[in-house]
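Annotated in TrEMBL:
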TRANSMEM  B:32-59  transmembrane segment
TRANSMEM  B:87-111  transmembrane segment
DOMAIN    B:89-304  domain 'ABC transmembrane type-1'
TRANSMEM  B:123-146  transmembrane segment
TRANSMEM  B:166-184  transmembrane segment
TRANSMEM  B:191-209  transmembrane segment
TRANSMEM  B:221-241  transmembrane segment
TRANSMEM  B:253-273  transmembrane segment
TRANSMEM  B:285-304  transmembrane segment
Amino acid sequence: MNDRERRDFEAGLAQEVDAFLRSESTRRTFITRFGQMTGLLAVSGSALTAVTDWALAQQAAELADPSTPLGQAQALALKASQEGPKDGSAFRAVEAAKQFSGVTLNLTYEAGLQALDPRNFSGPMWEQLTGIKSAVVELSNPDMYSKPVAEHIANSGAYDVLDISPAWTPSLADGGVIAPLDDYIAKYMNKADLDDYHPLYKALPTYKGKIWGFFDDGDMFALYYRKDIFEDPKLKEAYQAKFNAELAPPKTWDEYNRIAQFITDQLAPNVYGAGHFRKAGSPGNQFDFLQQFRASGGKLFDDSMKAGIASDAGLKTLQSMIASNAASIPGNNELDAVSLWAAFLTGKVAMIYSWPPTGRMAANYSQSAKAINFIPQSQIAGKVGYAVVPGNPEHATGFNKALAAGSSNLEAAYLYMQWVTSPPVSLARVMLPYALRDPYRLSHFKSELYAGLFPSAKEYLYNLNNSANVGLLDPIMPGAQDYFLSIDRMCTEVWAGGDPDAALKTAAAEMNATTERLGVDSQKAFYAEFLKLPGATADNTVEKLGMAVKLD
Amino acid sequence: MADVATIIPMQTAGAPPKLSRLGAWTERHFKWVLVAPAVGLILGLSIYPLLFSLVVSFINYDFQVPGHAFVGLRNFKLVVFDPVARWSLVLTAFLSGTSVIIEFVLGLLAALAMVKSFRGRSIVMSILIVPLFISPVIVGQAWTLLLQRPFGPTNYVLSQLLGHEVTISWLTQAPWLYISLIAADVWQWTPFMFVILLAGLTSIPQNLYEAAELDGVSAWLAFRAITLPYLMPMILLALTFRLLDAIRMFDTIFIMTGGGPGTQSYTASYYLYTVGFTQFHLSQATAGSWLFLIFTAIVVTLLVRRLLKPEAV
């Protein structure tokens with residue numbers, strides 16, 4: 001330091017010291033501290049990331065007691081992934097994925113219980129097997145569509161594996177948001193594992209001849225009823241005397257309404273005949289309308305793509321639903337799915353139709369997990385019977401695993417999808433008490449381990465399989481959510497006393513406006529693609545196509 | 001010479017240190033450097049999104065329809081000619097107007113009751129303002145639990161009180177659903193009115209009341225002649241703030257009614273949410289937001305002008 005530099009330094013220092021003594025900051029200290037703060041933030045950001053990564057890496061897969069059916073299924077999943085069979089999809093995925101060790105896959109999942117599976121079980125196990133980390137991005141249901149589209153537009157590559165509603169497949173495929181899997185399947189998958197899907201679900205991710213995902217959640221509606229009530233000798237006798245028919249699980253909607261009303265008349269206010277989730281925005285209305293409407297011969301769209309709900313079938317469906325409401329628990333129209341479960345589990349309702357977790361909750365299996373203990377303990381365990389919903393049950397949404405086209409780890413992401421949906425791994429996942437993923441493979445429905453989860457699990461599984469044989473798919477096409485919204489608004493308007501005929505016409509007009517907005521010709525093409533799928537209408541269910549797998 | 005030698009270093013020491021070019025530039029533009037982060041944030045997080053949203057409202061930005069073609073006023077037309085949008089605007093005006101009026105009356109009564117000191121006043125005041133600190137989502141959930149059939153206790157309590165069975169569908173039947181929504185809003189936001197009006201009341205000089213008392217003025221006249229005029233700026237302030245918040249009513253509706261039955265409880269915010277985030281018609285929702293902003297701006301401008309008037313006099 002020469003004299004000049006020293007003088008400058010000392011002068012600056014004097015200013016600094018004077019300013020310090022006056023409790024003032026100089027510009028220089030401000031800038032210096034601002035720079036230091038920014039630097040610290042950057043450093044702490046990276047440090048925090050490293051700490052977070054380390055903390056996540058410490059989390060091992062959460063495994064059940066090995067003596068339990070779930071523990072055994074998890075052990076088998078691990079064994080199949082590590083030891084084979086060598087031609088199994090799980091083993092092949094793991095072996096091929098090891099080359100990508102160290103990368104991180106970003107997985108979108110519905111926020112809440114759904115995300116516990118990749119966080120607690122499948123994600124850590126996959127990392128243990130392959131060294132590939134997974135980051136679970138929890139999103140609300142609508143965001144599971146909008147965020148991947150937004151990220152695709154921004155070309156950010158933010159996601160690798162997407163959990164999507166099957167209804168979104170055509171939009172996402174045509175928009176380039178998701179990638180087809182055919183080449184990867186040819187390269188890595190054991191084709192026998194594709195044939196293990198129930199026929200209803202096998203074709204579901206197919207669009208324009210290509211496979212756009214792996215189906216991953218068998219959301220089949222089924223009827224759950226109180227066996228003790230249906231088998232009560234006095235009630236059976238009274239029902240026989242009144243209707244000259246046996247009191248048994250209903251096969252038609254007329255029977256359903258008649259039995260519901262009969263039980264309500266006999267047992268209310270202790271028990272009511274039925275309950276439904278009819279609250280606006282809870283999807284019960286749309287699913288129920290769609291299943292009854294199509295089972296009654298209704299066509300969602302005619303040849304010119306005009307909505308077909310303002311028809312005799314539509315009116316008949318609404319009238320049947322109104323009769324069901326009248327025979328149901330008070331407040332039926334205010335219930336959402338969870339409060340309906342509460343009503344059923346506490347023994348207030350004799351029949352409900354809903355998603356598969358109903359059976360697991362009724363047996364008190366789900367509630368064994370802390371994460372789901374907000375659901376009341378079942379007071380009807382051991383008293384619940386299973387039947388196919390009258391007519392054709394709705395497959396109410398479900399989930400596909402899809403490959404994000406913008407992923408920078410396409411192959412690793414695909415291999416994860418193949419592994420996580422492979423027969424042994426997916427079995428362990430659908431057996432998790434908290435995860436809300438429901439059986440969808442034939443090997444799930446036939447699984448002895450699953451059948452050991454609770455005393456009536458075997459009948460439960462068989463019923464889900466048999467329901468899928470005659471099940472109907474939600475429309476898989478752009479605008480599906482608009483059509484659903486119109487149906488939901490129509491139903492709740494009618495529940496509040498609106499004229500069914502007028503409500504049908506309003507909803508049909510809304511649906512037509514949606515079709516016109518999206519383009520009549522393109523919607524027609526999308527609908528034609530949908531109609532090719534087994535389960536698209538009551539005339540081409542898996543059973544009617546001769547592909548049913550009967551389990552008795 | 002010795003003096004000179006002493007002086008020169010002192011002069012040099014007093015001179016500003018030589019700075020690098022960057023330092024010199026920073027020195028010259030220091031005020032701009034200081035405000036740059038704030039300006040950058042405002043530009044990036046407010047102005048750009050606002051301008052972008054204006055662009056979006058004139059193009060196709062729909063997550064179901066590929067491409068971003070210019071569509072002119074189509075998005076605005078879709079909103080203007082949508083009966084649900086028009087209904088949602090009417091309902092917004094009704095719900096927010098009714099709620100705010102009730103909150104004002106109750107808040108004023110509570111403030112008048114609490115303005116004088118009494119034993120336990122601070123405890124009562126603390127209890128009164130608790131709802132202010134609760135998230136509207138939680139408020140909606142709590143009221144749902146109270147009102148929802150068959151589990152909520154409301155109908156049972158009413159049945160016991162009235163001596164006959166009450167089977168009101170509080171969340172799915174008009175007009176009860178509106179009463180429920182207003183009740184939840186009033187429960188949460190009356191304390192806001194109360195706090196502001198109480199602050200206004202305590203600032204009124206006590207000697208005015210003493211003089212009025214000496215002149216034998218009745219309590220009602222004192223309220224009209226002293227309290228109301230002095231409180232008016234605070235009343236307008238409270239009404240403006242509260243109205244601005246009430247017209248954005250969303251959370252309680254989302255939780256309590258889900259917009260139903262039909263579209264009977266769609267407010268403007270709920271309508272825009274549904275169009276944008278359930279149906280993914282983002283450009284239509286953006287156009288609707290701009291229209292809603294214009295309506296809101298008109299209301300706010302009128303209120304703020306009225307608010308500023310006393311100061312101008």
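Keep in mind that glycine also has a Cβ here, set from the backbone N, Cα and C atoms.
Of the two recorded stretches, the transmembrane segment (B:285-304) does not lie close to the transmembrane segment (B:166-184), with fewer than three CB pairs under 8 Å once pairs fewer than 6 apart in sequence are set aside. Distant neighbours of the transmembrane segment (B:166-184): 94-95, 98-99, 102, 139-140, 143-144, 147-149, 152, 154-155, 158-159, 249, 252-253, 256-257, 260-261, 264-265; these residues of the same chain sit at least 6 beyond its ends, with a Cβ under 8 Å from one of its Cβ atoms. Residues 100, 104, 107-108, 192-193, 196-197, 199-201, 203-204, 208-209, 212-213, 300, 303-304, 306-307, 310-311 of the same chain sit 6 or more residues outside the transmembrane segment (B:221-241) yet have a Cβ under 8 Å from a Cβ within it. Of the recorded ranges B:32-59, B:87-111, B:123-146, B:253-273, the transmembrane segment (B:191-209) has the largest number of C-beta contacts under 8 angstroms with B:87-111.
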